[in-house]
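Database features, via TrEMBL:
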- 8-184: domain 'Glycerol-3-phosphate dehydrogenase NAD-dependent N-terminal' (DOMAIN)
- SER16, TRP17, ARG43, LYS44, TYR60, LYS117, ALA165, ARG280, GLU306: NADPH binding site (BINDING)
- LYS117, GLY161, LYS216, ASP269, SER279, ARG280, ASN281: sn-glycerol 3-phosphate binding site (BINDING)
- 205-344: domain 'Glycerol-3-phosphate dehydrogenase NAD-dependent C-terminal' (DOMAIN)
- LYS216: active site, proton acceptor (ACT_SITE)
Amino acid sequence: MSTSLPPKVAVLGAGSWGTAFAKVVADAATAAESNRRVVLWGRKPDAMAQMASTRINEPYFPRVKLPDNLEFTSDVEQALHGAHIVVLAIPAQALRAQLEVFAPLLEPDAVLVSLAKGLEMGSGLRMSEVIIEVLQGNLVAIDAPLETISGVTDRVTVLSGPNLAKEIIVEQPTTSVVAATTLETAQKVASICAANYFRPYTNTDIIGVEIGGLVKNVIALCVGMCEGKQYGDNSKASVMTRGLAETTRLALALGGKLETMSGLAGMGDLIATCSSPLSRNHTAGRLLAEGIEPDQLHTVMSQTAESIKSAPVVAELARKVGVAMPITEAVVEVLNRTISVEQLAPALLGRALKSESDHIS
Ligand SMILES: NC(=O)C1=CN([C@@H]2O[C@H](COP(=O)(O)OP(=O)(O)OC[C@H]3O[C@@H](n4cnc5c(N)ncnc54)[C@H](O)[C@@H]3O)[C@@H](O)[C@H]2O)C=CC1
Ligand SMILES: O=C(CO)COP(=O)(O)O
């Protein structure tokens, strides 16, 4: 990358979180009096042209004027040219196909930041694993040196935490976590998104941060069902707490760290998503309890609720590594229509009694 160009961040995906996060990065640049460029890319040319002229993302945040230093484009080549940090705000199941298009256009030293909270159907891979696989595949295809190929791992980072986009877009204060293989890379990413209403922490537990973020969506779906059934706070607190227990079991089995699960990407995000009517996963659960069929959810909501597709993949991964995840299994049964929402509580409460500290089941 030429040193004469200003630093540049590209945010790919102009949905709810991509737009809100691009605003965070643009505001962070202003606060730091940096000449860093921030570009938001979306796949729909008309929508991006309208955003460029009005500075408003009408379908998602019709009342929010986006910052003057945020650029908009539907031309991915233009977005990625000179970008030293590339943020991926594309839903989990679409990420691989999109990244295969983006990969040849990336700057060779670009750091990637994954915002998605899901597991890939079919492969069962976490998003950081999908990104590494695609980027390395692209480098192998062009016969890149081995150290360049293995170096990809250190350029892939994850950002997760209690980050409801609808709160962040109106600048309500929050925190988040950036995870990378090295603290140095995590700090580099944290430095471009530290705004006066957004405080990113850093750690090196990519597995824990990703598992916390994606499993809490499944738990939020279950809490949403409680909400829809008008169960009270005892029920919801029980699902959240036991949900964190099974999330922790899975994270540890995969190599994640215990302390991550009581941090922002574990407990923090779980509390935010399970408690908030703004959460799409929580909303999806409530709608199921109100009688909407699982295959109608996406149409009714018109926004991504990752747990609908990730829940069966989480359950499969847990079975593969020998971890019991009863709440996740029960949610999958509701999504498959093997049991009804009414049968969810009896199915969970009727299991054999056990010690609370039993880490196996
Ligand atoms: N909205 C939120 O509050 C937060 C969302 N996330 C995660 O961020 C990810 C993205 O979610 P949202 O932005 O909320 O979803 P969204 O449903 O608001 O937007 C998704 C965007 O991706 C675009 N898209 C869909 N398929 C695409 C494809 N094949 N290629 C390019 N673009 C495509 C859509 O056009 C849309 O603009 C999800 O994994 C979600 O779990 C994480 C934290 C907060
Ligand atoms: O991940 C989120 C908050 O941290 C957003 O949750 P939803 O995808 O359920 O809206």
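Backbone N, Cα and C atoms are what each Cβ position is placed from, and that goes for glycine too.
TrEMBL labels come from automatic prediction, so no person has curated them.
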Q) When the Cα-Cα distance from LYS117 (sn-glycerol 3-phosphate binding site) is computed for each of the binding-site residues SER16, TYR60, GLU306, which gives the smallest value? A) GLU306
(Q) Tell me the coarse DSSP state (helix, strand, coil) of SER279 (sn-glycerol 3-phosphate binding site). (A) coil
Q. Hey, what's the Cβ neighbour count for LYS117 (sn-glycerol 3-phosphate binding site) at 10 Å?
A. 29
Q | Among SER16, SER279 [binding-site residues], residue with fewest other Cβ within 10 Å | A | SER16
(Q) Among ASP269, GLU306, the binding-site residues in question, whose Cβ has the most other Cβ atoms within 10 Å in this structure? (A) ASP269
Q) At its widest, how many Å does the recorded sn-glycerol 3-phosphate site span between Cα atoms of LYS117, GLY161, LYS216, ASP269, SER279, ARG280, ASN281? A) 15
Q | Rounded Cα-Cα span from SER16 (NADPH binding site) to GLY161 (sn-glycerol 3-phosphate binding site), Å | A | 15
Q. Given the binding-site residues SER16, ARG43, TYR60, ALA165, GLU306, which one's Cα is the least distant from that of LYS216 (sn-glycerol 3-phosphate binding site)?
A. GLU306
Q: List those of the binding-site residues ARG43, ALA165, LYS216, ASP269 whose Cβ lies under 6 Å from any atom of ligand 2, in sequence order, or write none if there are none.
A: ASP269
Q. Taking only the binding-site residues LYS117, LYS216, SER279, which have a CB closer than 6 angstroms to any atom that belongs to ligand 1?
A. LYS117
Q: Mind giving me a neighbour count for ARG280 (sn-glycerol 3-phosphate binding site)? Other Cβ atoms within 10 Å of its Cβ, every protein chain shown.
A: 24
